[in-house]
Amino acid sequence: MEKRPRSFYLLAAFFALFLVFLYGPTFTIAILSFQGPQGGLTFPMRGVSLHWFRELFQQQAVGDIWGSFGRSFVLGVMVMVATVVISVMGGLAFRKRFPGSGVVFYLIVTSLVIPSILISLGVGLIFSQAGLKVHWSTSGFGSQLTWTLPFGLLIMFAVFNRFDKSFEEAARDQGANAWQTIWSVVLPIIAPMLIGVALFGFTLSYDEFARTLLTAGSYNTLPLEIYGMTTNVTTPVIFALGTLTTVFSFLIIGVFLLTVIVANKRRARRGSDAGKGLV
Amino acid sequence: MANQPNVTFGALGAGRAGPGMSDAMSGWLLSAPLMLVLAFFLILPIIMIVIVSFWGATEFSIYPAFQFDNYEFLLSSPVTYQVFLATIKYAIITWVCTLLIGFTIAYFLAFHIRTQTWQIILFLLCTIPFWTSNIIRMISWIPFLGRNGLANSALVGMGIVDQPVEWLLYSDFSVILAFVHLYTLFMVVPIFNTMMRIDRSLIEAAYDNGATGLQTLTNVIIPLTKPGIMIGSIFVVTLVMGDFITVRFMSGSQKANVGRLISNDIALLQYPSACATAVVLLVTVLLVIAVLLRFVDIRKEL
């Protein structure tokens, strides 16, 4: 192997520093969440205990975090499913230019770049003026889609740009109708990317704050609950909660990544062509 | 893909009319759910905000009207200009920091890591925080930057300062630090993506013609990476300009930006004035995007 230039080591050191910058704070609060019962929000550690985690399980101490976790989870799954379905349909639609597709494309970009608080404010106002109650599963759900759909769609556009059309043509030549072609040929080929879209859909929803702020109603989602805690909780209990939700996020990411790896391995073993139709 | 400019979406199926359903019909049907969501949760809210920005407000309620009071008040107040200036300052400083860091990281991953497996692993390491909670990531700076935090302990311990530095937390510094922490990966991903598409033979050609490493970087790599830089810039600039929570949290409510102006009005139930500010913010953001989009055709870069 060719010798590494000196710039490699400089850049590698910079990269390592960047990772420390990225993950350091998260690991710090993970350590601090094991503070002893007398410990505060910063070092030194006054003993090591599970005190603050135990505190989390005592409902009255910190509000309704388990309820809000449940809501965030259900909402995340709802947004995930909707994001995958709508993005795939949108991706298929955009393979052919149709009247208005240019406008829709710029709307998708707008949805991505619009300040989140505008969505929150606008949706909140519409519901209140229409005499409807805002609720996380209606107004919150729709508002979050304006954030997850652009990511899902941009991924699908990129996928279909690299899509090898000859697979579809082959299916059509063999007599498959449009629906069969999509269901048995196109979807299996793009399946690994759909796992990526699902990951975006779930995690972006699970962590979404600004777009849910005025649209969740009287039942908080987890990020809103955590935000509420930052103003009135001054003990490491908030670190314990932060550590738990981060661990949960890592688990979710791990499950998705593992699914992709296992799916790829199985394909390789069966010698299937699925997933290879991307040029 | 950059060398196949004809493969943009929309151009793919041109010239072949589908049997049965016409292209226009199937396009509309397939994008109908998308259009419904965008109509109800993007277009209608924007229209609503524009309408309410002309309404009036009492202390407890808002009433329909058509008056320019909200805009007059907004545009005649010196606070507005200070706050917009502060917002632009945050955007520019964050943009410069994330661009420099993001470009360096992407360059290292794309050109110095030799095996694809390691590229994927290191790239994932950079992107995983994107899928975790922003609020938690902000909270986690407190033990670092506080008066008795790690940074101050280290500085005092090493004898660099006599007493704890106050400006580490709840200052412009901590706000920008959090922005850079949260948003650098929005630069890394698109820049890395464009760099991976650069034909390696171009770089070899540059070296063969006697270009130094620096010359190759400035004359070959940077120009070819421009689309990625622009997409990253759009993300970072719009996220920072539309933010209200990072500034509020990391400055301990001591600093203001436009987003906070809006959220303060909301907290006081002054929706019409919040809407007027929101309209001005939206126009500003869209103008910035329009300028950035002149340098890149997003559809081609997907």
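The backbone N, Cα and C atoms fix where each Cβ goes, glycine too.
Residues or ranges marked as domain 'ABC transmembrane type-1' by TrEMBL: A:69-262.
Per TrEMBL, the feature transmembrane segment maps to A:73-94 (among others).
Sequence-distant contacts of the transmembrane segment (A:103-127) (same chain, at least 6 residues past either end, Cβ-Cβ under 8 Å): 94, 133-134, 139, 142-143, 146-147, 149-151, 153-154, 209-215. Annotation comment: TrEMBL describes A:103-127 (among others) as transmembrane segment.
The list of residues near the transmembrane segment (A:139-160) in space but at least 6 beyond its ends in sequence, with Cβ under 8 angstroms from a Cβ of it, reads 75, 78-79, 82-84, 86-88, 90-92, 94-95, 108-109, 111-112, 114, 116, 119-120, 123-124, 127, 132, 190, 193, 196-197, 200-201, 204-205, 208, 211-212, 215-217, 221, 278. If you look up TrEMBL, you'll see A:139-160 (among others) marked as transmembrane segment.
The transmembrane segment annotation in TrEMBL covers A:181-204 (among others).
Taken from TrEMBL, the feature transmembrane segment applies to A:237-263 (among others).
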Chain residues outside the transmembrane segment (A:73-94) and at least six past its termini with a C-beta under 8 angstroms from it:
101, 105, 136-137, 140-141, 144-145, 148-149, 151-153, 155-157, 159-160, 182, 186-187, 190, 194, 197-198, 200-206, 221
